[in-house]
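As structure tokens, the structure follows; a few thoughts come after it.
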Amino acid sequence: MPTTITALTKINIIYGLKFLILLTLATFAPLLGIHSQWLTGPIVNVALILAVYLIGVRPAILIGILPSTIALSAGLLPAPLAPMIPFIILGNTLMILTVDWFKNENAYWSGIIFGAAGKFCLLFFTSNLVIHLLIQPVLAPAVSQMMSWPQFVTAILGGIIARAVLKIGKINYVKN
């Protein structure tokens with residue numbers, strides 16, 4: 001009996017491929033071997049923002065959980081940053097939800113700016129709390145620096161790159 005691919009099956013396959021590509025992008029960014037927040041940050045943020053626009057908010061949140069967890073388990077995230085992982089995940093989720101809230105052609109930049117600002121504020125304030133409670137004083141300045149303004153800048157850079165991808169590809173966003 002011949003197998004036919006229905007339109008719904010084709011849509012599910014495309015959706016699944018988009019999810020896998022974005023998950024791979026976000027997951028392997030920390031594994032590239034270049035341990036630079038300025039490279040991995042924008043790549044992960046591009047994947048998160050594109051996920052919101054291409055496959056929806058729930059899969060985007062799932063994608064936002066994995067990069068930090070994998071980076072820690074692969075030994076790429078310094079062990080003293082381990083207490084920050086739940087807050088990094090919350091920061092990613094806050095950015096995803098904010099981008100989704102503003103998800104339309106006229107409010108793209110509002111979503112990116114407010115999402116980046118929310119992520120930055122959450123990570124900045126929680127990192128200061130975690131630093132004083134759990135992190136050795138010698139490492140505190142480096143952790144504080146990583147969780148401060150670079151979070152805002154890398155999220156904005158991710159937004160710029162994601163916007164270019166959406167425009168060049170003439171990609172319409174998915175409605176949740």
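Backbone N, Cα and C define each Cβ position, glycine as well.
What TrEMBL records for 12-32, 38-55, 60-78, 84-102, 109-135, 147-166 is transmembrane segment.
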Interface-richest range of 12-32, 84-102, 147-166 toward the transmembrane segment (60-78), CB pairs under 8 Å: 12-32
Surrounding residues of the transmembrane segment (109-135) on its own chain - C-beta under 8 Å, 6+ positions past either end: 49, 80, 83-84, 87-88, 90-92, 94-103, 143-144, 146-149, 151-152, 155-156, 159, 163
